[in-house]
Amino acid sequence: MVKSLAISLIALIIMKNLNMSVIGLSVLTILSMGATSVAMGGVELNGLYTTDFVMGLMVTLTLFVAILSYLSSVKIHRKASFNLMIISISLILVMSFSVSSFFLFFFFFESVLAPLLLLIVGWGYQPERLQAGGYMVIYTVFGSLFFLWGVSELYISGLSSSMSSVVSLVKKSGMSLWWLYILGFLIKLPMYPFHLWLPKAHVEAPVAGSMLLAGVVLKLGGYGLLRFMMVMQMSLSSVFFVLLLVVNLAGGVYAGLACVRQVDLKCLVAYSSVAHMSLVLLGVLSNTVLGVVGAIIIMIGHGLCSSGLFSYVNAIYKMSHSRLLVMNKGGFLVCPSLVLMCFLLSSSNMAAPPSLNLFGEILVFGVGGWMSGVFLLTLGLMSFISACFSLYLYGSCCHGKGVSHSESLNLSSVCDVFVLAAHWMPLNFMFMFMP
């Protein structure tokens, strides 16, 4: 308890220095609960909230990315309203990861769309932000209705809607339409071919929206699927299960190839999220200990790495006022410190040691090889393509003859480099504290 209170106090002091004492006071208790949950192992509080290791990791990731997204948006108009959106998204995400009821999870799962949509529409870059917001809402709400249908079927059948108390009962009764009930999670991850809303939302969102969306919001799909898999029973040889895995891996390969041909930096990072989330889906659907642990590690690693890459894209966008690759060459001549951080984050994105992505992918690769040799070959191809588009991003932005920018050195502030370093350090040193 003393350790958790100390962590909360430090966070409150930092937020107060950032004129964010309101956030600090709001999440003080939640931070204490999240830090304590890591040591407690797993406790359900009053039938509404649950604390376990996964919940503690997700809550910590949410608050960490929220603070860094705020630091990346120091020069933004309508600051008070912007802070309110960041607070709302953060608190809703924390509640989503904390509740133990599927009905409450569905409520917060959908509630996060409201402030996220306002963030995109209010602080987006182009008129197309209205279309991007509409795509995001229609896709995610439509898929989530099937999840609500499945949870309602549990309740109507006389079973509890709790994430922990229905495990043995549902596994005996089975859920024949499980593939339909998880559609909302597949869209939120997102899985190919339900990914079309994600690049549009990233391109139009401000940097804080992109960092929260890639770093945390997408993890709602993996977290919800992980909890829902605990109450489902499926045959690994069923047609729907095999088809889902095949489409998922093929979509991961396609998303990686799509990254290599992108000319927009935000689209490149967005499609790389689709490729990495296919590994998370494979690990969760395997329903094995190694697969689930690997999926959780990849989610944490991807949350830090993708958020850092979006912050880097914003840093160079402030120099060139363009997201095109051809307009952002020659980073060595402009700001070598940003080039160093781009190299470190790109190497972590391709699962170079000692990043969390490497440990997670090793576990998922082992599970994929256990399931099928073809799956293992496909995962190897995905890993190779991941290295290709990560090097493509680094080489295109950091080498070559760049376009001169008069404001480059002024706008590449120390804050940008600090935010990027804050993403990279836990991504590569957190493995030391893994149990």
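For all residues, glycine too, the Cβ spot is worked out from N, Cα and C.
All annotation found in TrEMBL is predicted automatically rather than curated by experts.
According to TrEMBL, the feature domain 'NADH:quinone oxidoreductase/Mrp antiporter transmembrane' maps to 101-384. Annotation source TrEMBL lists transmembrane segment at 21-41, 53-73, 80-97, 103-125, 137-158, 178-198, 205-226, 238-260, 267-286, 292-313, 325-347, 367-394.
Below 8 angstroms of C-beta separation, residues 109, 132, 135-136, 138-140, 142-147, 149-151, 213, 217-218, 220-222, 224-225, 228, 232, 234, 240-241, 244, 247-248, 250-252, 254-255, 270-271, 273-274, 277-278, 280-281 of the same chain, each at least six residues beyond the ends of the transmembrane segment (178-198), sit close to that stretch. Within the same chain, the transmembrane segment (205-226) stays apart from the transmembrane segment (367-394): fewer than three Cβ pairs sit under 8 Å, each pair at least 6 residues apart. Cβ atoms under 8 Å from those of the transmembrane segment (238-260) belong to residues 179, 191-193, 195, 268, 271-272, 274-275, 278-279, 281-282, 285, 371, 375, 378-379, 381-382, 385-386, 388-389, 392 of the same chain, restricted to positions at least 6 beyond its ends.
The list of residues near the transmembrane segment (103-125) in space but at least 6 beyond its ends in sequence, with Cβ under 8 angstroms from a Cβ of it, reads 48, 76-78, 81-82, 85-86, 88-89, 92-93, 95-96, 132-133, 136-137, 140-141, 144, 147-148, 151, 155, 161, 163, 184, 188, 201, 203-206, 208-209, 212-213, 217, 220, 224, 227.
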